[in-house]
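Asker: Handing you a structure now.
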Amino acid sequence: MASPPHQQLLHHHSTEVSCDSSGDSNSVTVRINPRQQQALSAKRCKYSISSSCSSGESGGVGRGGGGGLRRQKKLPQLFERASSRWWDPKFDSTNLEEASMERCFPQTQRRFRYALFYIGSACLLWGIYFGVHMREKQMVFMVPALCFLLVCVAFFAFTFTKAYARRYVWTSGYTLLVFALTLAPQFQPWTLGERQRVQPRPAAPVDTCLSQVGSFSMCVEVLLLLYTVMHLPLYLSLFLGLSYSVLFETSAFRDESCTLLGGGAVYWELLSKAFLHVCIHAIGIHLFIMSEVRSRSTFLKVGQSIMHGKDLEVEKALKERMIHSVMPRIIADDLMKQGDDESENSVKRHSTSSPKNRKKKPSIQKTPIIFRPFKMQQIEQVSILFADIVGFTKMSANKSAHALVGLLNDLFGRFDRLCEDTKCEKISTLGDCYYCVAGCPEPRADHAYCCIEMGLGMIKAIEQFCQEKKEMVNMRVGVHTGTVLCGILGMRRFKFDVWSNDVNLANLMEQLGVAGKVHISEATAKYLDDRYEMEDGKVTERVGQSAVADQLKGLKTYLISGQKVKEPHCSCSQALLQLGGWGWSQMQAAPSAENTADSTKALKHVEKPKPCPSCSTTLVPPCDVSIDEGAIQNGCQDEHKNSTKAPGGHSPKTQNGLLSPPQEEKLSNSQTSLYEMLQEKGRWGGVSLDQSALLPLRFKNIREKTDAHFVDVIKEDSLMKDYFFKPPISKLSLNFLDQDLEMAYRTSYQEEVMRNAPVKTFASATFSSLLDVFLSTTVFLILSVTCFLKHGMVASPPPPAAVVVFVIAILLEVLSLVISVRMVFFLEEVMACTKRLLELISGWLPRHFLGAILVSLPALAVFSHFTSDFETNIHYTMFMCCAILIAIVQYCNFCQLSSWMRSLLATVVGAVLLILLYVSLCPDSSVETLHLDLAQNLSSRKSPCNSSMPADVKRPADLIGQEVILAVFLLLLLVWFLNRSFEVSYRLHYHGDVEADLHRTKIQSMRDQPDSCVRNIIPYHVADELKVSQSYSKNHDSGGVIFASIVNFSEFYEENYEGGKECYRVLNELIGDFDELLSKPHYSSIEKIKTIGATYMAASGLNTSQCQDSNHPHGHLQTLFEFAKEMMRVVDDFNNNMLWFNFKLRIGFNHGPLTAGVIGTTKLLYDIWGDTVNIASRMDTIGVECRIQVSEETYRILSKMGYDFDYRGTVNVKGKGQMKTYLYPKCMDNGIVPHHQLSISPDIRVQVDGSIGRSPTDEIANLVPSVQNSDKTAHATDNSETKDALPSSKKLQKEPTKAEERCRFGKAVEKTDCEEAGTEEVNELTKLNVSKSV
């Protein structure tokens, strides 16, 4: 195996390295980065691949364009990873070759058993034939046949032993040798015991009663079995086959030279027979090579499929970890299931039925979905926690962007770990505000304890943060318990969030709280016991009578400062304090991996006492330190909970209730940080090309190691064995059991031609067809020339029909050969009309029709030479029968065609031959001449077989005897067996391609889905940087920011019906319309940051590469302004479809310097900060309904771009004083907007009813001078929540929009009474006075 430094590399890249390396023996090519190939593979459909979907590196350099890949002027390699020795087809790796032989052994064993059964049947039939015909010395012929039958039975039994697996090659050789020595020589017209004597007159040899046709059929069968079944090396098979042919014809030559033929005719006869042997050897070699090519290629493809399956499991695990790190497991699983279903449906939509079928439209059109998918549920008894950093504005005043992001990342990382330990669910951050929930989305009985422990832990964590960072900040925490709506809003950059009036009340609890304490409501206090130090909240005494305090409506509140100490010290606290005394800084100071291991080992040896209910999370490690769960306990944990650590150093999580579920099976290299996941994903992407080019030079044996790893992975997999032993095809028809796969198989050749697929190996469908046509042409020419040569030997002119057939056939063969060469090498150079013709004839039925003609041309050419000489010349008759046997064997060619068609055609040819033997084609005078000639020739022959022959000479069929029927039957039986076996092999090869490609597509889909989720969390260009760095923060000199608020959504929202769920469904539709705008290419430079309640936040100019490509430095501002105008139009269109209510949009626009960065550890959030963001938020909050308000600096730039504004005047902006602002669009009278149109700053009622995270008014801040309130609006503008989910599908502009669909749908909806509203979606909206109209 590989050395430890390379094990990780080999683990992730073994598939591509071991399967895609070139087979050149003089060089080593290793592909480490498979992204480009996988991206191309991901575009393929489920079954829409050809049988040549190989990844081998071969071929020449093509021209640009899609057809350039097809420009390959040299022969491809035999198969992927093939050695350079074509005469011995093997892998270039010993490991792969041995594994291939081992994994293909079941198929080889099964085929050898079939061959033994066939040979035994032949021996039995020949034995019966000799026994039935009463002749002298029958035992001379029956004993060898019966003996070999016993040998076949013995070998058949031997195949079931373990010894056969080690010696099956030698067993095949022995079988063939015994068959050749015991059968074929005995059937020759001479024997070793009776040789010729030198006499003045040649003596007649001993006749064995077997004609030339019978013996030649045996020769053909031996050679076919040698090349196709015995599984010997090609060079050895060729040597044995040629030796056998020479011995066979030598024996026949010695007999013929002494009897019927004389002079030069014997040599012409020998030359003709040599041509026939050339044909059978050519066919055998072709079948041998293609069988080896498909067998090894199938092995490699199935191995790739297994490796891709392993990669698929790893990718799926990585994907789940990435998504679970940013949203609750139950929501993430639902989204992943939805994504998997969409991916599977996409695969089914692109399944490879024929192109004609793909164009068919269903008879029943599905009704389009009017509303977008809406994932939201109502959950009761949920505790909500809001926490704000007191003093954050002062702390960030003198910090750079990078330093500020680092501080927030450190602090929020601690909070993220606290969420995991206290079983809370982090929702988001709003500026320096952090909020989470407990009991949602999975209910918990101890939700209130979880939030209280979370709040106390945050206070302790920030104290430790101040000690380490030398800062002066504190935490103000508020908790409330009630009912929430949880789910996802929008289709782009969405996230898991919670909404309800209780959520807003929890935010109010935080605003009215006290730094260093947890401010809880009376509803939360009901779920707590007396373990905490609790005091009255005294809100009125602290803030006085104000609008903010009035929102409590007399709600009693409490302040919690910590737990009551019932005992001086408990064992749990002692252990915790000892760990805290050691110091987290000392843990971080471990300089090496050994020290880290020692530290971890020391922690494990510390005895962890059982946690008591009174122990809370008092000390929190920094975000980059991982400790055992036993070191941090919380009051919501069961005291008998098992604290065993999960693999990888992570503690198991509880999901439901108080008991911990079984630990999840995690990867050995799992991380808790999404930073590390992104970096891990980047490492899996591969090494750079420059490094991969140096790898072959530095590590010569890397391919051997990866091959060994490849073999180890597939060794224990049952798929390989089941694949070869139980192929997924019908045993009768040989069709695939999957109908879609069968249709794909039938169209694969045509699709390969249509898409100009590159030819890389002999297994390519088009190149395999070229070899088939070339072999057919060769056999046709040899048989035709031999038949014409035979006419010269008998001194008779060839028949005119033979000449006509030869001319027509040779034209067809040459035309087919030219077309095949065009398809393989020059397809991109043909004209459009020619290419359409090629695509037409490459279909399933046209290809079978043309293939049937081509494969039958040799037989047709031989039959065209059947004349009266067939009955008047016994040697001519024998030769023509032998030529027909070769034509029958030719039907083993064209393995891509149906074996049933080829075998039936071969059977027809055999039947026609027998009919011609027994039906006279000549007049009676010719028959009389035949009788006279045969009487003269046979009178001198004395043999046991013909000694009793009657005086009147019989027909050639009578002379040949019934053995021709048996010979043709046995040969046809072998052809049927080989055709079936080769088609199964060909289909298995195609299926291996399909499986490997399907797994590759799934893996790519698995990789794309996390990428899509990451893009919904953070922009793609930011994710790329996070793969190589631990943090991201960047300053932008001129970024554009907008805040768009639906100012009257609070008037529309009510919780009396389904808790307000249907109101948020309407909001989801409107936000979805905004997201659709961002899907347009024109707005690609705009990034959606987040949604805060009914406020939509977006920015532009954050991608520096896009800004550099722009012709104008402020071009992105114009794009953002156009987007804001489109948002106004979308709201107007949406209102036109609403009844009884019109939404009003208010937009604030500003540009300037800002900072973008990513904060968090387990849950990353992409956000923007800066004074520019604060002013953009103020432009919204003090803006005017249905208008866009901009600052003076932004006005100067936009006015130069042709936009007309109204000067509003000087307005007071919190934190900035008096500012000049401008409004768009311009009023008709060019006057200032009347005072009654000005929007008042949002009061706390708007905050509670409509938007989460709104800051208190300026008056409240003045009423509480002792409390340093952070401006939530500023923080809401300073920070952005990234959304984590799958991207919404882009819609074409020509398609009707959701608003138009809702409009059409609304025409059929009548207004009904709210009390009679049903469960239907339209009735629910009608109850809320939200309907659809024109």
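From the backbone N, Cα and C atoms, a Cβ is placed for every residue, glycine too.
Computed from a predicted structure; not experimentally measured.
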Asker: Swiss-Prot annotation N-linked glycosylation site: which of ASN398, ASN946 has it?
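Answerer: According to Swiss-Prot, the N-linked glycosylation site annotation belongs to ASN946.
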Asker: Among ASN642, ASN937, ASN1103, which is the one flagged in Swiss-Prot as N-linked glycosylation site?
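Answerer: Swiss-Prot annotates N-linked glycosylation site at ASN937; the rest carry no such entry.
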Asker: Per the topological domains given in Swiss-Prot, are GLY455 and TYR1224 together on one face of the membrane?
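Answerer: Topo match: yes.
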Asker: From the candidates ASP333, ASP334, ASP432, ASP446, give the one listed by Swiss-Prot for the same Mg(2+) 2 site as ASP388, ILE389.
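Answerer: Looking at ASP333, ASP334, ASP432, ASP446, the one Swiss-Prot places in the Mg(2+) 2 site next to ASP388, ILE389 is ASP432.
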Asker: Could you find out if DSSP has ASP432 (Mg(2+) 1 binding site) as helix, strand or coil?
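Answerer: For ASP432 (Mg(2+) 1 binding site) - judged by DSSP and reduced to three states - the answer is coil.
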Asker: Validating a neighbour-count step here. Other CB atoms within 10 A of the CB of ASP388 (Mg(2+) 1 binding site): how many?
Answerer: 26
Asker: Mind giving me a neighbour count for ASP432 (Mg(2+) 1 binding site)? Other Cβ atoms within 10 Å of its Cβ, every protein chain shown.
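Answerer: 26, counting other Cβ atoms within 10 Å of ASP432 (Mg(2+) 1 binding site).
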